[in-house]
Each structure stands twice: as C-alpha cells, then as structure tokens.
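**Q** Reproduced below are the annotations present in TrEMBL:
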- A:55-78: transmembrane segment (TRANSMEM)
- A:98-115: transmembrane segment (TRANSMEM)
- A:121-140: transmembrane segment (TRANSMEM)
- A:152-170: transmembrane segment (TRANSMEM)
- A:182-202: transmembrane segment (TRANSMEM)
Amino acid sequence: MNIFRLAGDMTHLASVLVLLLKIHTIKSCAGVSLKTQELYALVFATRYLDIFFNFVSFYNTIMKLIFLGSSFSIVWYIRRHRIVRRSYDKDQDTFRHLFLLLPCLLLALVINERFTFKEVLWTFSLYLEAVAILPQLVLLQRTRNIDNLTGQYVFLLGAYRALYILNWIYRYFTEEHYVHWITWIAGTIQTLLYGDFFYYYFQSWKNNVRLELPA
Amino acid sequence: DSEPEGHDEL
C-alpha cells in the first residue's frame with residue numbers, strides 16, 4: 001500500500017468520523033442529506049458484498065466493516081433517533097434516489113469488467129459512489145448556511161477522492177497490469193463534482209469567513 | 001502472471 005492510498009483511506013475515515021461525531025454529540029443532522037447517506041450505505045453494501053468470500057487483508061476487512069457500520073449508523077440516526085431525526089429537514093433534501101440509482105444500474109449492466117453478479121454490483125457501487133454526493137451538494141447550495149462540521153465532512157470526502165487519483169497514478173507506474181479504466185473514469189468524475197465546493201471552501205478558509213455557496 | 005482475483009481497494 002502506498003502513501004496516497006493510506007492517506008486517502010484515512011481521510012475517508014476522518015470524514016465519516018466527523019459526521020458521526022457531529023450527529024452523536026450535537027444530536028443534530030442539520031445540513032446533512034439523508035439521501036446521500038442512504039446512497040453511501042447502498043454503495044458499501046453492494047461493494048463489500050465480497051467481505052465473506054474474498055479476503056484481501058486484515059486492514060481491508062476492518063475498513064470495510066467500519067464503512068458499512070458507520071454508513072448504516074448515520075442513516076439510522078437520521079431516520080430513527082428520537083432527537084436527531086427532528087433536525088432533519090426533509091423539505092430541503094428532495095433529490096430523488098431513483099434518478100441516480102437507475103442510470104447507475106443500467107450502466108453497470110452494460111459497462112463492466114466482467115458480467116458476473118459480483119462484478120456488476122461492484123461496478124454499480126463505483127458508478128453510484130461517483131454521484132452519491134450530489135444530493136448533499138444540492139442541499140448545501142440550498143440551505144447556504146453551512147456549519148463547520150458539515151463543510152469539513154464534504155471537504156474530507158473530496159480530499160479522499162483526490163488522494164485516490166494520486167494512488168492510481170502511483171500504482172499505474174509502479175505495478176504491472178494495473179489498469180482499471182472503469183474505476184478511474186468513475187473516480188475522476190466523482191472528484192470533479194467537488195471542484196466547485198473546493199473553490200468556495202478554500203476561499204472561505206483564505207478569507208477566514210463562513211463558508212457559503214452562491215445560490 | 002495474471003491479475004489477482006477481486007479488488008484490493010476500498
């Protein structure tokens with residue numbers, strides 16, 4: 001494992017912990033998109049299906065369990081926790097899951113590395129992860145009032161994606177037979193979606209003002 | 001020297 005991959009995973013872990021910490025300690029999910037969180041739970045459920053049959057390393061298994069556990073806990077908190085769920089703004093978080101789910105499923109059935117159940121689901125999870133942040137970005141733009149933790153959460157997620165791209169470049173030049181076009185294209189699109197957010201995040205950080213996205 | 005089965009990234 002190279003340093004970019006490790007840093008990417010740790011940033012991903014940090015993003016999830018920041019969000020869980022916010023929800024657990026402040027008992028509020030204001031500004032958090034349940035739609036995005038449900039999509040991530042589905043991303044992990046479909047991608048880590050191999051957890052029972054395909055042992056890569058102790059590290060991989062633990063990380064998979066953490067991402068599965070944390071994503072389902074976050075969804076549980078927002079839907080079921082008696083205090084947290086009151087802060088969920090359903091009327092602002094209106095993005096339709098199906099608009100993302102269906103195209104990803106169709107695309108995974110058509111464009112994949114191998115047409116097997118496991119591989120199609122894996123590919124579906126890649127496509128879905130690429131766009132799963134959209135409901136959250138739309139919500140941020142709508143509410144405009146972004147608290148620090150939510151801003152940090154999205155920033156860390158974007159940083160994780162950017163580090164994964166560096167990891168792929170590194171692996172491409174250091175490993176033989178390391179070519180995964182589908183992963184790379186989906187991952188690059190995913191990272192580009194954060195471009196706008198990054199711009200405003202850095203602006204607010206540089207000028208030391210509250211993060212606000214333009215309407 | 002074929003590619004190993006499965007995916008090793010998260």
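The backbone N, Cα and C atoms fix where each Cβ goes, glycine too.
What you see is a predicted model, and the numbers here were worked out from it, not measured in a lab.
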**Q** At a C-beta cut-off of under 8 Å, are there same-chain residues at least 6 beyond the transmembrane segment (A:121-140) that contact it? List them, or none.
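**A** Tertiary neighbours of the transmembrane segment (A:121-140) are 31-33, 35-36, 39-40, 42-44, 46-47, 49-50, 92-93, 95, 100-101, 103-105, 107-108, 111-113, 146, 150, 154, 157, 182-183, 186-187, 189-190, 193-194, 196-197, 213.
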**Q** Taking residues 6+ outside the transmembrane segment (A:98-115), which of them lie with a CB under 8 Å of any CB in it?
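**A** Tertiary neighbours of the transmembrane segment (A:98-115) are 39, 42, 121, 123-124, 126-128, 131-132, 134, 180, 182.
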